[in-house]
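A.B. asks: Pasting the relevant annotations from TrEMBL:
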type     : residues                     : note
DISULFID : 111-116                      : disulfide bond
BINDING  : 207, 209, 220, 266, 269, 307 : FAD binding site
DISULFID : 411-414                      : disulfide bond
ACT_SITE : 411                          : active site, nucleophile
ACT_SITE : 414                          : active site
């Protein structure tokens with residue numbers, strides 16, 4: 001019986017040729033993938049690198065740290081802590097006025113989509129310590145919370161003198177104090193105004209509601225064309241081309257203060273766009289074909305690429321993403337600077353156990369933030385004498401104007417999150433540039449920094465809530481950006 005011929009004994013030349021072809025195709029495929037994912041030279045916005053345009057590398061402009069450092073520190077240390085902290089009652093209930101008229105144009109573009117609607121809180125859901133709050137911070141200071149007998153330290157003589165001051169005079173004094181304090185504000189605070197209501201942020205998450213078109217474009221056009229520091233040559237362009245080109249930034253053709261202002265607004269814009277892409281309305285129907293009351297939400301890769309890919313943004317998309325990191329670093333620096341003050345807050349809601357847990361969690365978060373190795377250096381700004389005073393005033397007025405524009409947003413839910421994030425960013429700027437949280441320098445001539453004394457500037461509860469939530473939004477965007485990278489891979 002003849003031995004059975006093995007498979008490779010048949011047509012050996014033909015099979016060998018096939019293996020050569022297969023091997024060549026595999027090697028070519030691996031080479032192409034390597035050039036796309038691990039390419040380290042040349043322009044990172046190249047169209048050949050379109051599949052990893054959101055894979056940022058290198059240093060963050062006007063800062064001293066790398067993107068990789070921020071990614072690790074945020075995604076591993078800060079984001080998980082913020083995620084568990086911001087669901088607590090003190091931070092989830094935000095008092096805001098959503099029914100103010102637009103101060104700049106007649107706004108007849110209210111969003112009629114059901115997902116634009118904001119669900120307001122019922123009285124029974126509001127923590128007892130927040131009910132009846134008029135926006136004043138006084139009830140949250142420790143002395144007021146621990147005072148049990150209002151008459152125990154009453155001085156009769158002083159009490160007699162105080163009775164000679166009328167209620168009207170007291171109100172005038174308070175108005176003067178409020179006016180003086182408002183000079184440090186970078187944004188409008190309206191939680192004390194009639195019509196302001198508490199909103200549960202967990203019931204009204206930030207996501208794509210369908211609000212788009214001319215009304216939405218007008219908001220960003222007004223911000224970029226009228227309220228950002230712009231060169232005359234680009235003022236007549238549309239809103240998105242009016243974003244300062246990266247080349248002008250890179251060659252320092254724009255001063256530091258102007259760059260910081262633009263990068264913070266651009267970073268906020270990028271952050272909002274990432275939230276909308278990550279929480280996109282995929283369908284109003286469930287998988288069974290029925291109308292889903294809350295809709296079906298999830299990440300939209302096509303929308304993400306449309307907003308940030310090189311070929312859709314004239315190679316500016318990755319720079320806009322870098323501005324997200326810049327805004328994150330500025331707000332993180334504000335939290336670190338105000339950490340001694342924030343540690344002493346009581347975070348009072350009237351629920352003792354929750355308040356104690358929140359205070360412990362805040363202290364832990366602030367310790368982590370203070371440990372970040374390369375904080376933004378705000379002292380390099382507004383340091384040019386008389387001209388810097390004028391520049392800081394202009395900086396403040398422009399940001400104040402942007403906070404007013406938020407009352408022109410036609411979608412209630414978008415208006416809610418726009419006002420909160422702008423107020424949070426404005427609070428960060430207030431901490432950094434009001435001078436009230438600066439370290440005191442010893443007068444011994446050695447330049448020794450002393451711990452900040454109790455600053456005369458106090459933050460209202462609404463400012464603290466906005467500050468932490470705004471930073472939480474930027475932190476979430478950086479985390480979601482990593483998830484988009486994973487999907488693109």
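Backbone N, Cα and C atoms are what each Cβ position is placed from, and that goes for glycine too.
Where in this structure would I find these features, and how exposed are they?
C.D. replies: Spatially close to residue 307 (FAD binding site) yet at least six residues away along the chain are 273, 277, 313, 317, judged by Cβ distances under 8 angstroms.
Every protein chain shown contributes to the tally, and the Cβ of residue 411 (disulfide bond) ends up with 25 other Cβ atoms within 10 Å.
Residues near residue 414 (disulfide bond) in space but far in sequence (CB under 8 A, at least 6 apart, same chain), listed by position: 111, 116, 209, 211, 216.
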A.B. asks: Mind telling me which of the disulfide-bonded residues 111, 116 has the densest Cβ neighbourhood, counting other Cβ atoms within 10 Å?
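C.D. replies: Of the disulfide-bonded residues 111, 116, the highest Cβ count within 10 Å belongs to 111.
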A.B. asks: With an 8 Å cut-off on Cβ-Cβ distance and a minimum sequence separation of at least 6, pull the same-chain contacts of residue 207 (FAD binding site), or say none.
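C.D. replies: In sequence order, 115, 275, 276, 278, 279, 280, 281, 297 meet the Cβ cut-off.
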